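These features come from Swiss-Prot:
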type: TRANSMEM; residues: 30-50; note: transmembrane segment
type: TRANSMEM; residues: 58-78; note: transmembrane segment
type: TRANSMEM; residues: 95-115; note: transmembrane segment
type: TRANSMEM; residues: 119-139; note: transmembrane segment
type: TRANSMEM; residues: 163-183; note: transmembrane segment
type: TRANSMEM; residues: 191-211; note: transmembrane segment
type: TRANSMEM; residues: 219-239; note: transmembrane segment
type: TRANSMEM; residues: 242-262; note: transmembrane segment
type: TRANSMEM; residues: 271-291; note: transmembrane segment
type: TRANSMEM; residues: 301-321; note: transmembrane segment
type: TRANSMEM; residues: 335-355; note: transmembrane segment
type: TRANSMEM; residues: 364-384; note: transmembrane segment
type: DOMAIN; residues: 405-486; note: domain 'RCK C-terminal'
């Protein structure tokens, strides 16, 4: 390879990345999933597009995709709160195992019929497209404030369901490649145990060792992210080499690191955020270059039928069956989880496996997987926000700081500096600082007015345009968001949580004459909190709601995981 060729490679690669970044701003305004934009740039630069770049190296695409997926899952794990496992772990694991198996079976039968394949070949197609994609889910849910049970279930499912898809794909490839020799039950059992057991053990064990190492050595701030990234990739590679799930390993490694105090935490998260964006862009650009759209025309109609069959039939059935034991999920929750069965890079990566194994119909599997991913991103990705609102699982947003950064007062410090800009609609504008009900342990470190830094006292009145710098912890963000929230411009947002708010220990009997409740012998002795448990179970999250006596009852406030306030929404505002 000549120096000129290398330079052209750098130029073209940088141009494609820059175009992808610039178009991402447009995608958010028109409602197109950003991953679809990256994929589209790659397709346009490819063989059938204006760019005319010929790229058909599946091994390079496999390498880039695996590396990118590892970085994305490491970052996703570090941003997942263990506290969300309280309501989401077992449902997510049920979806990640039984759900994937059911989706594989149903999709496989449809694929066998639509593409005139035998049942094993059809099941292989089902296994390839059977798992949701972490990159797509993390990307499209970012910035959306969903019901914690629903959001955490989707994120944990997407981070942990790939081992099942890999297990099914590898097993079916082995059966198809064995040409009548068969595959023993012991092989299948050991493969399953290796994928999940070894992947989990190496991820948690490697994460603990890396956490110990980070906190025992002193490095320049910029080297901590390098250490985390290299350590994560080491565990990812070792797990894959030993037959475990590297994807599960690096996700659990990130989960362990993200939920423990460690040096350089904020620098690590900041650098990983940029690396994750670069990984998403690089992965979908390469996959877009790999695709030749003209090849999809031959499979377009049956692949479209398969994609919609999976979206409207296979995924909903698998979700409802997998979540049967979990009564805390409402019908709306289940329908939304069914709709967010986003497919992304993982099915395309798995579709490379048959090509590397030299199976017949390998190109067909690849083209079908690519078509299913395109339809999923277009149909499910573009409608995700509307689906969340229709299912009533999206909570009203609270303002986040315009900037937040770590304050390294001591090595494991979890102090942060939050910066808020006060617009004219903020509740607190015009109020003296002494009247602000600041969360315990938080402090206003500075107040900027114009270009001047003021030294505020309790009598200082806040004005439009002021910038407040607040010292606090991550747990204070919700309270600070409420404190610096805007006056409602639309009435429906505050009324999401109800028109009136009640303490959970109030007896229903005392509310009956006010709201016209008709109470039977059992209900007249119940409190509001006991009514919640009766209808929703005891694992409650913000925004949980049910209809009773023509009223909507909504969990409106929690403290340390316990419900303290319930909102009542009147019928004409439902």
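Cβ from N, Cα, C; glycine included.
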Can at least 3 Cβ pairs under 8 A be found between the transmembrane segment (191-211) and the transmembrane segment (364-384), with each pair 6 or more apart in sequence?
-> no
Result, the transmembrane segment (271-291) in contact with the transmembrane segment (301-321) (3+ CB pairs under 8 Å) = no
Range from 58-78, 95-115, 219-239, 335-355, 364-384 with the greatest count of C-beta pairs under 8 A to the transmembrane segment (271-291) | 58-78
Which of 30-50, 58-78, 119-139, 335-355, 364-384 shares the most C-beta pairs under 8 angstroms with the transmembrane segment (219-239)?
-> 58-78
Answer yes if the transmembrane segment (58-78) and the transmembrane segment (119-139) have at least three CB pairs under 8 Å among residue pairs 6 or more apart in sequence, and no otherwise.
-> yes
Of the listed stretches 119-139, 242-262, 335-355, the one with the highest count of C-beta pairs below 8 angstroms to the transmembrane segment (30-50) is 119-139
DSSP-derived helix, strand and coil totals, residue by residue, for the domain 'RCK C-terminal' (405-486) = 13 helix, 28 strand, 41 coil
